There are 2 protein chains.
Amino acid sequence: MDKKKDISMAVIKRLPKYYRHLAELLRNDVDRVSSKELSEKIGFTASQIRQDFNCFGGFGQQGYGYNVKELYNEISTILGLDKRYSTIIIGAGNIGQAVANYTRFEKFGFDLNGIFDVNPKLIGMKMKDIEISDIDTMDEFLKNNKTDIGIICVPHTVAQRVADTLVANGVKGIWNFAPIDIHVPENVSIENVHLSESLLTLVYLMNDLDK
Amino acid sequence: MDKKKDISMAVIKRLPKYYRHLAELLRNDVDRVSSKELSEKIGFTASQIRQDFNCFGGFGQQGYGYNVKELYNEISTILGLDKRYSTIIIGAGNIGQAVANYTRFEKFGFDLNGIFDVNPKLIGMKMKDIEISDIDTMDEFLKNNKTDIGIICVPHTVAQRVADTLVANGVKGIWNFAPIDIHVPENVSIENVHLSESLLTLVYLMNDLDK
DNA sequence: TAGATTGTTAATCGATTAACAATC
DNA sequence: TAGATTGTTAATCGATTAACAATC
């Protein structure tokens, strides 16, 4: 595990893509794959693919390539998908609802154990068999239920405050959908989904092509 | 405009962040800002910020810094936010609904003009004053209504087919929420929001910190 | 004018690609 | 064995950072 020291963010961001494509190969009953074949499928160079895998130790075999099942399992473990994660959603608005209903996550091993909101109209309602609770009860919930990941779907004005509460209660991962840069201590991980930044990038690219 | 030639993707991806932070300064009635101040606020180095802005021509003034209003307008234009864009959503499930209700986009100048789905239960219902139409009518809709951006919120199995139809009807930008790599011609821009890849990155980072 | 800060060039750093020996 | 393909080192490319002259 010490090998895993300073993997660059560029490599890390490619891992889920490998995982997805390997899962597809596996579904199609493909046994082996070479870096060249993967390259054609994913769009990274074969050289880069081999470099990436070698950050974590060699999974391949000269003259043969990679065993799909084995490589899939390795990457699965590297990503941490051999464990389950308890999650809560804070903010039961549009995005919170969409995330709650995104069944794909259950398959990865994520358990949704709580949903919180301030809106009295939403509190008490059920989503995915989980009752939406008053956000004022979140602190107590966290003290009684070990929670790995907090999914922030509240307006940007309160997002940092929510994050602070999560961190104070030992949550170690924050998946942030609020359009703001949230600050957390070094021992907490954060991943942002900034939808508007994504859309603005698209618009720039569209206009750039017109030139 | 020729200056805008080969801006690297790294720079492009930072533009929306500049835009957001400048909008905030503007709201707070800040007149001027130096690259050093911006650096402390955004988290990029002052040097990088100056390099980035100089890709598009110098907007600053030695000894003074940058005029916030002016810089904001420049970046707004660079991003293409001086125009309006007509959009449609394909797939009125969880994510499609969330996007449709994400009011932030209207403010940027995006008009939602159509929503399409295959589900007979959804067809005819209204979201944001827009009736959900049968996806079979999309082709005709596109022929009669100039559409800039297609927002793909359908399952991954049909995403490429939807994209093909969009492209065939002159749509020049695709915002893809389906967990798949969509292929489009060179004159079409695509921006992916791969939620599961984002979540898997988060999990990797969480486990990495445990080491 | 003196101080501040940009615009821009040069230096450094990191990531990607190419090449090839090792070896299955 | 011969052919294929990895693992790994070296070369290249690109992006970030540092430095400083220009100038407001």
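Backbone N, Cα and C atoms are what each Cβ position is placed from, and that goes for glycine too.
Automatic, uncurated: that is what TrEMBL annotation is.
If you look up TrEMBL, you'll see B:17-56 marked as DNA-binding region. Here TrEMBL flags B:80-181 as domain 'CoA-binding'. What TrEMBL records for B:GLY91, B:ALA92, B:GLY93, B:ASN94, B:ILE95, B:GLY96 is NAD(+) binding site.
Taking the features listed in TrEMBL, we show where each one sits on the structure.
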residue: B:GLY91; record: NAD(+) binding site; Cβ contacts under 8 Å, 6 or more apart: B:PHE116, B:ASP117, B:ILE152, B:CYS153, B:VAL154, B:PRO155, B:VAL162, B:PHE177
residue: B:ALA92; record: NAD(+) binding site; Cβ contacts under 8 Å, 6 or more apart: B:ALA100, B:ILE115, B:PHE116, B:ASP117, B:ASN119, B:LEU122, B:MET125, B:MET127, B:ILE132, B:CYS153
residue: B:GLY93; record: NAD(+) binding site; Cβ contacts under 8 Å, 6 or more apart: B:ASP117, B:CYS153, B:VAL154
residue: B:ASN94; record: NAD(+) binding site; Cβ contacts under 8 Å, 6 or more apart: none
residue: B:ILE95; record: NAD(+) binding site; Cβ contacts under 8 Å, 6 or more apart: B:CYS153, B:PHE177
residue: B:GLY96; record: NAD(+) binding site; Cβ contacts under 8 Å, 6 or more apart: B:ILE89, B:ILE90, B:ILE115, B:ASP117, B:ILE151, B:CYS153
Ask   = Using DSSP, how many residues of the domain 'CoA-binding' (B:80-181) fall into helix, strand and coil, respectively?
value = 35 helix, 29 strand, 38 coil
Ask   = Given binding-site residues B:GLY91, B:ALA92, B:ASN94, B:ILE95, which are under 8 Å from chain A when comparing Cβ atoms?
value = B:ASN94, B:ILE95
Remark   = When pLDDT is averaged across the DNA-binding region (B:17-56), the result is 97
Key: Helix, strand and coil totals (DSSP H, G, I; E, B; other) for the DNA-binding region (B:17-56)   = 28 helix, 2 strand, 10 coil
